[in-house]
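Asker: So Swiss-Prot lists these for the protein:
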type: BINDING; residues: GLY28, LYS29, GLY30, ASN31, GLY32, ILE33, LYS34, THR35; note: GTP binding site
type: REGION; residues: 146-171; note: region 'Disordered'
type: COMPBIAS; residues: 147-157; note: compositional bias 'Basic residues'
type: COMPBIAS; residues: 161-170; note: compositional bias 'Acidic residues'
type: DOMAIN; residues: 228-384; note: domain 'W2'
type: REGION; residues: 374-395; note: region 'Disordered'
type: COMPBIAS; residues: 377-395; note: compositional bias 'Acidic residues'
Amino acid sequence: MATINIRRDVKDSFYRYRMPKLQSKIEGKGNGIKTVIPNMSDIAKALGRPPLYVTKFFGFELGAQTTIIADMDRYIVNGAHDAGKLQDLLDVFIRRFVLCASCQNPETELSINKKDQTISYDCKACGYRGVIDGRHKLTGVIVKNPPAKKKSHKHKRDSPVAEEEDGAEDELTRRIRQEAAELPTAEVVNDEDWAVDTSEEAVRARVQELEGNMKDSLTLSDLRGDEEEAESSRYDQFGEWLEDNYPGVSDVEIYKKMKEENIHHKSKAIVVLVQCIITSPYVGEFEKHGALFKKLCTTDKHERALLGGFERLMENTELVHIDVVPKVLLEIYQNDLVSDDMFEKWGAKASKKYVSRETSKKIHEAAEPFLTWLAEASDESESEDEEEEEEDDDE
């Protein structure tokens with residue numbers, strides 16, 4: 001990752017204070033356009049400030065709403081903003097909330113005086129103590145969200161109690177080692193006979209093997225409410241066609257095939273489609289095929305089938321990538337493939353419609369960060385609408 005001087009006015013290539021160069025990614029279109037800052041957490045870490053402060057500062061300076069999903073490392077500013085513009089604003093943030101007024105080094109630590117609601121800082125480079133200008137809106141955010149205090153172990157290390165604890169631990173360690181040495185030597189067992197290889201390569205190989213054998217699980221006769229056997233056979237044939245031809249065929253060709261088989265309006269076809277063209281580790285896949293899924297998902301039933309297909313895909317691969325569930329659901333939401341209402345219904349309870357109830361519960365638990373964020377975002381939106389209505393009434 002490219003790095004730059006924290007103080008960009010310093011041209012010294014050996015300047016010790018460095019940070020990642022800000023990256024921006026514009027997503028969506030129209031009223032839903034937004035700017036994502038993928039490396040915000042890395043930048044904030046280099047500056048010694050929470051990502052919340054920097055993101056909110058951008059929002060205040062640009063007059064834009066911000067969205068922060070810390071669990072998924074997503075920091076978003078509404079509107080289209082290029083990296084250069086944001087980098088310039090970051091310089092302003094650094095001058096106002098990071099640099100020491102005395103030595104101009106970025107080695108300051110913030111502290112909050114709860115009594116008078118002021119923000120002061122200590123410079124670890126020169127020892128200067130100063131106060132942050134409280135006129136900027138961000139100071140209110142900092143006071144409400146104070147930086148985490150660093151734990152100090154100095155007094156514990158210097159105290160007699162600490163020495164006694166260290167001595168006790170050493171004595172305990174010696175006893176454990178002595179008793180372990182007296183234990184009889186266990187018979188050596190060949191680990192290769194039973195151990196599960198958890199290395200990254202082995203996990204990837206198992207996922208590929210599971211996906212390769214997915215054709216057997218694509219038979220949808222076990223889905224509730226299946227139609228006649230002849231129609232079910234069409235889904236099987238469609239799944240086999242995808243297995244044989246994808247990724248050699250485009251989304252347009254896939255849609256033409258679905259129309260040819262007269263299943264382009266069927267929710268069960270979406271379940272098959274998700275399992276066949278969404279590949280691990282899944283992030284970015286729904287955005288890649290967004291136009292196709294948007295064309296197919298025209299009702300609540302279709303949207304539920306898309307989520308069901310993703311659940312079944314996770315089950316087929318034994319939940320190996322369950323940690324990406326919040327990111328994938330956010331991607332589905334941001335590409336307008338599933339509505340807020342459907343996500344709310346889906347998240348309300350685990351269902352065994354597409355997978356076992358146990359698997360569904362695990363997926364719902366993994367999805368909790370996304371579902372919580374969605375509920376909070378919905379509440380904020382309703383609150384803003386009510387405020388606008390009140391303003392209109394006042395006029």
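Note that Cβ sites are derived from N, Cα and C of the backbone, with glycine treated the same way.
Are these features on the surface or tucked inside, and what are their neighbours?
Answerer: For GLY28 (GTP binding site), other Cβ atoms within 10 Å of its Cβ number 16.
For the domain 'W2' (228-384), the predicted model reports an average pLDDT of 89.
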Asker: When you tally the Cβ atoms that lie within 10 Å of each candidate's Cβ, which of the binding-site residues (GLY30, GLY32) has the highest tally?
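Answerer: Selected residue: GLY32.
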Asker: Take the mean position of the Cβ atoms of GLY28, LYS29, GLY30, ASN31, GLY32, ILE33, LYS34, THR35, the recorded GTP site. Which other residues of that chain put their Cβ within 8 Å of it?
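Answerer: Not counting the recorded site residues, we get ILE26, GLU27, ASN78, GLY79, ALA80.
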Asker: Which one is it: of the binding-site residues LYS29, LYS34, which Cβ has the fewest other Cβ atoms within 10 Å in this structure?
Answerer: LYS29
